[in-house]
Structure formats: C-alpha cells, structure tokens
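Some features that TrEMBL has for this protein:
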- 1-26: region 'Disordered' (REGION)
- 1-18: compositional bias 'Basic and acidic residues' (COMPBIAS)
- Lys110: UDP-alpha-D-glucose binding site (BINDING)
- Lys111, Asp135: Mn(2+) binding site (BINDING)
- 414-434: transmembrane segment (TRANSMEM)
- 454-474: transmembrane segment (TRANSMEM)
- 542-563: transmembrane segment (TRANSMEM)
- 575-593: transmembrane segment (TRANSMEM)
- 605-625: transmembrane segment (TRANSMEM)
Amino acid sequence: MYNTREEKKEKQLLKEKNGGVLPSDQTIDVPKATWMADGTHWPGTWYNSTADHAKGDHAGILQVMSKVPDHDPVMGYADEKKLDFTGVDVRVPMFAYVSREKRPGYDHNKKAGAMNAMVRASAILSNGPFILNLDCDHYIYNSHAIKEGMCFMLDRGGDRVCYIQFPQRFEGIDPSDRYANHNTVFFDGNMRALDGLQGPMYVGTGCMFRRYALYGFEPPRFIEHTGVFGRVKTKINRNPNQARLHVDDDQEPLTSDAEMDLPQKFGNSTMFTDTIPIAEFQARPLADHKSVKNGRPPGALLTPRPPLDAPTVAEAIAVISCWYEDKTEWGDRIGWIYGSVTEDVVTGYRMHNRGWRSIYCITKRDAFRGTAPINLTDRLHQVLRWATGSVEIFFSKNNAFFASRRLKFLQRIAYLNVGIYPFTSIFLVVYVFIPAMSLFSGQFIVQGLDVAFLTYLLLITVSLTLISLLEVRWSGIGLEEWWRNEQFWVIGGTSAHLVAVIQGLLKVIAGIEISFTLTTKSAGEDEDDIYADLYLVKWTSLFIMPLTIIIVNIVALIMGFLRTVYSVIPQWNKFMGSTFFSFWVLSHMYPFAKGLMGRRGRVPTIVYVWSGLLSITIALLWISIDPPVDGGGSGGDIQI
C-alpha cells in the first residue's frame, strides 16, 4: 500500500523548483499508507508481515478513530484554526476503522462479504438507521446530499423506500470521453426513467440504504400486481409489528416474534439482534400528522446514546469473524447477496422483489464523485465483469422471470434486460459483418431497392431518430455524449459482451471458467500527463473480435472497389450502398482504433501482427471460396 499519488506530487514540486529537472541526488520522502489515528503503521503491514497480521491471514481489526459525539451541541468559536466556527456545532460523528477477519481456506465473498461485516459491526457500534455505501475510489462532493436522501426516507410514505441511489459522477475523464466513461445515457436517461416505476437499480456505490431493508424484511405496505401486464393491483398493508404479531402496540419489539428465528437468520449475537427493532423504529417517518402511517412520536430520538464499553467493542469484533456467518442467511436473504460478480444488482433486485421501492436523487451539486478507468483495456475488462454478472443473473434464480407479484411489470422488464442484454451481442456481431459480406459477394443486403423497401427503411430510420432525440432532450444528454455511448455500445457489445456470453455458457454447461490476462504493454511518453493512461495500450484477448471487424470491413471495401472497377458492367449503386453501411460500422469502431494507436501512432507490434494475419487470412479465404475467372468476373460455383 504505497502512496504513489503523493509521490507524483512531490516529484512535480521538485521539478518546478529545479527548472523542470528532477534532481538525482535528492530523495523523496513519502510516508507509507497507514490507517492508525496517531499516524503509525499497523504492526505487520503488507511490507513486513507478522504473525496473525498478514494479507489474507489476520484477525479482525477495530480501531475507533473518534469517540461517540456528545449528546449536547458543542459550539465552535472564532479563532479555531483560522476559521470562524461561531454558532456552528463542531461535533463530528464517531469514526471507526474496521477490517474483518481473514483466514486461508475461507470464502470471504469479496465486496459483498466486506459490506455485510460492516453492517453488523456498525449495528453494534452506532446502529444508524441509514447506511451510506461508497466505493473506495469515491468521495463526498456535496455533504447536503445525505440530508436530501434522508428526506425521502423520512417523508410521508418514505417507510416503503429501501434505498436512495445517487448518480455516479467521475473525475479524471479525458475531455472527449472516448470510451463513454461518464455513462450519461444510463445515469441521466435509464435510471431517471426507472424512477417513475419502482425505482432505480442499485449500482454498487453512491447509495443510501435503510438498514432495516437490508435485513431482509418486507416493507410495511406493498402492492401485488396480477393480471395481464400486472394491471390488477392489490394493496397489502403488512406493518412489521401489527401484521406479524396481531397487536396494536407500535412499540412491540420485533424480536418477540418467534417466526423470525433470529439466531438462524442473523447469527448468535444477541447484542446484534437487539439492534434490529431499534433501527426499524428510528427510521420511521415522524408522526406529526394523522395521515402518517407507521410513524414514530416526536422526541423519540432524543435519548442519549450510551458510551462505548469494552464488551460492546468485543462484540463488534466477534461479528466480523470468519465463522460468524456459518449456518446463517447472510448473503442468501440478508444483506448483500453472494454468488454473483454483480452483487449490487442482485441485492437491489431482492429488495424490489419483496415490495420495496427505491428513489433516484439527482442533486444540483454532484453528491459524490469518483474515478473511472480511461484506458481501453481496463474499460473493456470492467464491462466484461458487468456483462459476466448479467449472464450469471440470467442463469440463476435471480432471473426476473421468477420474480414475485410485488415487482411491477415494467420493472420486471427492466431487470430482464439486465440479464438478457449481453446475448444481443450475438446479433450485433452478425450485423456488423453483413456490409462486408455484401461487398465480398457483390450482392446488396436486399435483392432490390423497390419503393416499398425504401419507404419501410425511411419510416424505421425516422422513428428511431425521433425516439433518440426525444430521450436526449428529455434527459438533457448532449448529442456528443449520446454518440459516444452508441460507439462504445458497439465496441463493448462485439468484445466484452460476446466473451461474457461464451464464458457464461461454458461455466453453466461444462463448468469451465475462463480468465483473461493482459500481455503486451505500450506505455505513454509523459508520466506527468493526467491522461497518460488513455494512451496506454495493453493487449488483451478482448481486442480480437473488434480488430477482426475493422480488418474485415477494410479488406471488403478494397475488394469491393476492385471488383466494381474491373467488372464488365460496374454496379456502382450496389457498391455505394454497401460502402455506406460498412463506413457506418467503421465509424462506430473509431474510438477502438484510436485506442490501439496509442500516443502518436505508437502501436504495439502484436497489433500489427494480428492485423497482418487477419488481412492475409481473410483475403486468401475469400479467394479460395470465390476465385476470379477470366474476364474479371466472379467465379460461379463455390470451390474450396
């Protein structure tokens, strides 16, 4: 864990002080990464491993960085570190570092397992009714966004909301957004549209959860959709206290319900299970009006929080141990769901399937910001991971085909699209090769350009264009952003999506798992350039299909042109029609071709080798299939 970013900053400062030259005799003192509050290292960091503290083999770690804040407000004053805090409450929340226990031989379930351990530990330490989930490469850009998210939860009817999803915004993206890293079509178009149904999907970060919903409970009220397209709606009021216990007391604790079988579901920590009804009660909306259902009385949250003691801290460490989840429902019905690369989508789907709804919150100032891979290889591998998770969802019990009646019909279609979209790559690959086949064979895509076909083509084109413009104007997406999204959809669809389908089918049918490694690397010239990674070329097997598409279409254009020029009766209309569609395919592949060239055309040797092999193979293969005859025409019968 080394602070490379800080090291780059120190190097840049030294260069500026020495006229742009880095002195060789001067050392750069950059501290190693640390987690301790006093600035010291944990004993046995990954540099010098010690017993019971090595990477992948260490006990549970809990360090309280700042204590539980005082119950009464603590007001600041004017001369506090040169800032005027007069009239400002300077209390900060309790901050704790938690690292779950890891031992060799245990399946720790990656991010999902880490999140579930954090949920249990935080329930013991603070038990906040809402949980904010941010990835390690994201940070809070607008602190008021947390209040805005809580307003949805605490508003009338907000007790049915399981999470608030914020859009992802990224920094460090190249100005042209070559590989559609901002993903504005998804975040500003698709997710906003889902907000009008049962709510947006959970995308893994920038999300505020209701703790009670993460525990696998049903919402107090939900709607079941039956009939054709789910048009028959049945409202069901299932207050978690009244419906289960058949009592009228809103203060009746949930743990008194014998049907919950708490040890089997949540583990053997009674201290943890005691926090469940408290978290549910604290997250209720304020009952300040008779129309508020399932509310809490005013002043119910003014009870001072007890200070942390040694038994509480010890229990928090116990619930993050390796053995705690054994024979429980953590990862199956409770918390983040295990067994999928895209555990975020599955976790959100399970909540929607129980009848919860979610909210999409777009703040005026970005709520959170993070980083995204601007390198072509890293971007494609990111898309491959997402697509692989979608294929896993399609072949699992989390397929929306098996959803409950509590999921709206259109919401079901949206989740079906999550599992099906990688399979569209099969048709997309066929589509991008059709113009080349037309040029090779000398036959146009259709037999004749009659009026009926042209009318049909015009209507389809105009309709699709109008729909795209409507979506762009409604969501506020720029045309350039929309075009970048279209380009990368073709690039990712013909590479990562196709490989994910093949990988998923092999895993399901034959139990074979495929991994892709990076080989050749061509580095950028300027390490100080913030966009240096954009020009880094790292060869991967995912490049083969897009590169084949480009080479096939280029060779087809050349052979189609030569065929037309040397024909007895040149048919330029067919050639121009096929050429238009072939150039349309190549225009979508332009960002991919530009990414292969690196900076100033420094293309890795393997790209030249593959291009040459593909060109020669395609030319020889077509000559063998359809050899020329005397007179410049094409051969009649196929001869191999």
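Glycine residues also receive a Cβ, built from the backbone N, Cα and C atoms like all the rest.
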Largest tally of Cβ atoms lying within 10 Å of a Cβ, found at which of the binding-site residues Lys110, Lys111: Lys111
Under 8 angstroms, Cβ to Cβ: which one of 414-434, 454-474, 605-625 has the largest number of such pairs with the transmembrane segment (575-593)? 414-434
In chain order, residues whose C-beta lies under 8 angstroms from the C-beta of Asp135 (Mn(2+) binding site), counting only those at least six residues away in the same chain, are Gly204, Thr205, Gly370
